[in-house]
Amino acid sequence: MMLVPGGRDRGYCRAASHNLILHVLINTNHSCVAAANYFCNQTMRQLSGFSFPFLFALTIIGYVSAENERSTYIIHMDKSHMPKVFTGPHHWYSSTVDSIKTASPATSDGHQSPARVLYTYDNAVHGFSAVLSKDEMETVKKSPGFLSAYGDKQVTVDTSHTFEFLSLNPVTGLWPASNYGKDVIIGVIDSGVWPESKSYHDEGMTAVPSKWKGTCEAGQEFNSSLCNLKLIGARYFNKGVIAANPNVTISMNSARDTRGHGTHTSSIAAGNYVAEASYFGYATGTARGVAPKARLAIYKATWDEGQYASDVIAGIDAAVLDGVDVLSISLGLRFSTPLYEDPVAVASFGAMEKGVFVSASAGNIGYATGRVRNSRISNGTPWVTTVGAGSVDRWFSGTLTLGNGLTITGWSMLPARAIVKNVELYYNESMSPCESTELFDSLNTGPRIVICENKQQTEVSSDMGSIANSAARSVAAAIFESHWPLTDDYYFESRDFPFPGVIISSKDMKSVIEYAKLGFTSRASISFQETRVGTTRAPAVASYTSRGPSRSYPGILKPDIMAPGTLVLASWSPVQFATTLRGILLASDFNILSGSSRAAAHVAGVAAMLKGVHPGWSPAAIRSAMMTTANPLDSTRNPIPDNAYNGAVASPIAMGAGQIDPNRALDPGLVYDAAPHDYANILCSINYTASQIMTITRSKGYNCSNPSSDLNYPSFIALYNIGEVGRFVQKFERTLTNVGRGGGTYKANVTAPEGTTVTVSPKTLVFGKINDKKTYSLTLNYRGLDNRLSISGSIVWVEEKGKHTVRSPIVVALKYELH
């Protein structure tokens, strides 16, 4: 199916196939030219293969090629072996490949696929990516300076209120202290940017910082003039995609975002102010990013035609060279792999080493039908900040009013101002699940509101889709039943609502059915497009967010922290539909989506502002400030619940230290700092070879004279294996640095995990001045947990006669093996 442009400015584009599908452009104030050109070059692939971005942080999976064909390899090199005859790394790597070329194997169409270098990496990574045969790769392994190599890996894609929910305000706290992130540069590795979005206007922005070395790269439907004082850079990387698919045609060969994911995440991190933003009438207000005066640099490395790690590494490498201060990365491995074979882990080490704070999504495989399974957290890398997703206290609703006066508030995100007023109710117990077309065929005497019970406790979306796809004009609306709490994101992480209706609780459904049984006298009305704030308990850990411990390195508690990720309003690409309504594809300049990608973007914005206030803080110090001031309580002052476990108390393996509190992170009192050599000591402690370690560190300056698995981290985790019995002892040593004004005395307040004993020595730390350091030990005596996933407690250093409390979670957890 080809999409044919049907008009400009506030018009529509028409799709021609076996059936006609309208793609409506709603609330767009920009030209439709870019959108129309994009539509005309797309096929039905966009619909049949579309991965809905609210569900996913970007996930990397393996790329496999045929035995007799060339593949793309990512190759790590020891730069110290470069002969002096070469002018630079690119010259060296290209000469290495040129010197080992064999006869090019013929492809299926008879053409030759030459060996060639795709990218040279020299900032976050030392090495290159190249298209090679297996024999050529074996020859490269014998070259001087070779460290390691692995095949390229394919990747696929993983507001107006959240700033209020995080207590950011213009009077006190982090916003005014940082001047809203002024002049800090956030780099976003994602699917690009829609530069015409109002979130990227530069009104009120000052001159671009002199440290910026990046560029605005021109490309298809993207002129360099589209960058400005807010959007200061845009680059794109697709050599890996093209190498993997030599006959591919890139539909949008530029940094322009045709998927929407990159536009959404970047505007969350640092979008400028946009008045009267909304999603089809929901969440109406002034949208803004977490750090609205920070600069944005976009690195498009994921494409409709495929996504590969070689392109992602190139984006990270370029961002470090360009001079970004913070990186927001929604990428992670679906399958566990050692750190030295994880391209994002390797590249982020180089970024961290150069002082760049890296915020990365935890992933979105935390739930399965029937609730939760043991998920594999993404980005459980010691030197990045791993972010889990939580809910906010905003609710989108529809109000059901029965003819007897009973009013019920339910969930609805119908994208229209539908009129459902004084309509007859219809209830048929034998067909109430609304799965049978017989129900709709029987309604031929006028419009009805059908009642859809959920006796099998299945997902509401299946019944909703059945009605939306039916041709029954007699069905005016529907009432759906949820067996889960209406505040639970089990259903509502997906905000698609393709049919007029409202979801209500099982308790309320009983009242509706009793009234409906009165017969023709039972009538009802439904109103839509209602947004309620502060009416729900929040935050809660999202059921979809991935949980720890990390399989790549389980010795550090991951995720680190939780931030808003569920139903977040932010800018969107108008060429990607935002939702559907009775088969019609609807577009919007703003979209409400869910996922840990959104949470990571929030943390990137907070990190940018902390960097602005404390330019001398390391990435580890910034992470520590966030973690030790995070809030483990929700809006009711009770422990944060977990939606994946029916609202039970959330574990740190799901939420880390708790919900981020930006204003408290501004002044944490004490921090747990760490330098690059501390992370190298971890690598030495886990029996990596010298080449594997150097693949990550890129330097022989890190030796293994002091290997240690006990990183100076703001959390503690002890692991046990299934079936282990008896008691175990693990000792940790930590050093705290005073970053508060003047000195202070802190005393330890310990809450031991159930069935454990925690000993702290010394129990009092006295700091005389700023940058004073004090060391303490924490000894954990614990036992196996009868196959329970985890138990938790905490240590809080409380300042005497002061305002600072420095909290760290303590966890005993089931160990996952790396596989």
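Glycine is treated like the rest: Cβ placed from N, Cα and C.
According to TrEMBL, the transmembrane segment annotation covers 47-66. According to TrEMBL, the feature domain 'Inhibitor I9' maps to 72-157. Annotation source TrEMBL lists domain 'Peptidase S8/S53' at 181-633. The annotation active site, charge relay system is assigned in TrEMBL to ASP190, HIS261, SER597. Residues or ranges marked as domain 'Subtilisin-like protease fibronectin type-III' by TrEMBL: 710-812.
Secondary structure of the domain 'Inhibitor I9' (72-157) per DSSP (helix as H, G, I; strand as E, B; remaining residues coil): 21 helix, 30 strand, 35 coil.
A straight line from the CA of SER597 (active site, charge relay system) to the CA of ASP190 (active site, charge relay system) spans 10 Å. The CA atom of ASP190 (active site, charge relay system) is located 7 Å away from the CA atom of HIS261 (active site, charge relay system). Around SER597 (active site, charge relay system), a 10 Å sphere centred on its CB holds 35 further CB atoms from the protein chains shown. Secondary structure of the domain 'Subtilisin-like protease fibronectin type-III' (710-812) per DSSP (helix as H, G, I; strand as E, B; remaining residues coil): 0 helix, 63 strand, 40 coil. If you draw a 10 Å sphere around the CB of ASP190 (active site, charge relay system), it holds 32 other CB atoms from the protein chains shown. Using a 10 Å Cβ-Cβ cutoff, HIS261 (active site, charge relay system) registers 28 neighbours.
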